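Listed features, source TrEMBL:
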type	residues	note
TRANSMEM	93-113	transmembrane segment
TRANSMEM	145-167	transmembrane segment
TRANSMEM	188-211	transmembrane segment
TRANSMEM	231-254	transmembrane segment
TRANSMEM	266-287	transmembrane segment
TRANSMEM	307-327	transmembrane segment
């Protein structure tokens, strides 16, 4: 047990220079108790300044010692009723709405732009150089549209996540928000509101894109559909795996405090790029129900496999999140307990000795 000694001026009920051992009288508390509390308060302040993991103030992520009367129950935190009265929730919802709007505008816009560029510059293979060149000429080969579309989606996600991560967590995807709900990383109310605002943002983003283009370029605004040779089950499984990769990357870098949180937006964007390389020719590589919903809603191009772009990403993301939470995050709780605080105080006192 840690012992703290005081000089004579610290104790008002005795003049000893050693540790005060004056018993606390039934009616008059010894001033040593006050001095002890002051010393412990100063010690705790130094402790909180040295340990980044120790909460500077009570928050929903930590259970603070001595705040039992203010501590929300686990059910209250998971539901998140109290968050409805906080400005932080408004900021988070607005950030998710704007980020998803921009993601749809840029991502779907890249698909439309590349599809038009490829159509207008596809070589006329009826023209054979050296044989019938007089009939016309072959335009230069079109750039790799798949690469451009993949990079546009990945870079946009990386930029947007880095821009709003401190405001909302940088979900920009209903599959991400759903995964955070079922693993307890966000409250139910916050997660559901994020999903609603993301969906609304996707609709407005697609609407703005359509407003910026002539009707001849609307087509499907980059809406997703399966390759003709891909069955519904295969499409579901492809989206399941692609979203699993994305969420596993998110949990490994952004959720797990042992991961590379500073570089998390870059790695998340890179995962989106890689998934697009695989998925574009097969399913369009959604991984994000909002990315599929907005363009489909505005152009009314709901195909018979549309439901895949909801269940595939939601189930794949949930599977990755639960796996990481139950297997790789065991023993990595952020909760501060009385035992851990006591150990930290003892360790600090030994350092001072």
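Placed from the backbone N, Cα and C atoms, the Cβ positions cover glycine too.
When each of 93-113, 188-211, 231-254, 266-287 is scored by its Cβ pairs under 8 Å to the transmembrane segment (307-327), the top-ranked stretch turns out to be 231-254. The transmembrane segment (188-211) and the transmembrane segment (93-113) are in contact, since at least 3 Cβ pairs between them lie under 8 Å (pairs 6 or more apart in sequence).
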